[in-house]
Amino acid sequence: MASGMAMAATPRKAVNVPFGRNYVPTWAFDHIKYFNGGNEIQLLLDKYTGTGFQSKGSYLFGHFSMNIRMVPGDSAGTVTAFYLSSQNSEHDEIDFEFLGNRSGQPYILQTNVFTGGKGDREQRIFLWFDPTKDFHSYSILWNLYQIVFLVDDIPIRVFKNSKDLGVKFPFDQPMKLYSSLWNADDWATRGGLEKTDWSKAPFIAAYRGFHIDGCESSVNAKFCATQGQRWWDQKAFQDLDDYQYRRLKWVRERFTIYNYCADRKRFPTMAPECKRDRDA
């Protein structure tokens, strides 16, 4: 369907809840600090370990949002991740990864989509603000028609359902949400050239919001029981509207530093979904 035919809409406002409503720690419990009754948490990374947490439930489709303040100062070598992932060998995954940098250099936001175990769909952007100064919202809208990555409700990427083009789309494997802060200085900053400066530890990322509005299902479910009945299933969310596509174009033109769709070295033939996703 051509853009403009459907009146699309901004996702509903995320509802802030305490950490424990939707999430549990997964590892290095002592590296998670709780504030204000769990309405804010901090993840700590030091030379011994990073830490992470995951959602209690598994979800097939929905709107997921997190307010994060990234590691300030010299964050080179560190990665802060917020993503959805299923639990099997041919897994589906929808990723936000924030790559730290030397002081004064901008953070890089890398996104990726895995379908049926296949990824290789990296895009990298700079942000139009300093993500270490304040909390900003990072959200995923996922339904049967599209996956939209949003930063402060501005779409920075769309991955449409292109099953008709022979591209797998995540639709029948429930996913949990995960977030973690860890050391990845073998690849994170300038391809691994910049190493983590442990004299600056602990590195701290702060979280609020913890919003989940999804179709909760057992890990083995193949379809969502409320399919078609939730706000994010409605016609307005089957596509972006003209305004959203203009914002996406702004991000593409001004802030995109890598797009797999434009990488002819890695992919001599462009992936079939690229044109539909307005990445080409």
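Heads up, the Cβ atoms here are built off N, Cα and C, so glycines get one too.
The active site, nucleophile annotation in TrEMBL covers E93. Its Cβ placed at the centre, E93 (active site, nucleophile) has 18 other Cβ atoms within 10 Å.
Sequence-distant contacts of E97 (active site, proton donor), defined by Cβ-Cβ distance under 8 angstroms and a gap of at least six in the same chain, are V79, T80, A81, Y83, L109, Q110, T111, N112. Annotation source TrEMBL lists active site, proton donor at E97.
Note on the domain 'GH16' (10-207): mean pLDDT across this stretch is 95. Under the heading domain 'GH16', TrEMBL lists 10-207.
Marked as N-linked glycosylation site by TrEMBL: N101.
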Practice prompt. Looking only at C-alpha atoms, tell me how far E93 (active site, nucleophile) is from N101 (N-linked glycosylation site), rounded to the nearest Å.
Written response: 25
Discussion item. Return the count of C-beta atoms lying within 10 angstroms of the C-beta of N101 (N-linked glycosylation site), excluding that atom itself.
Written reply: 22
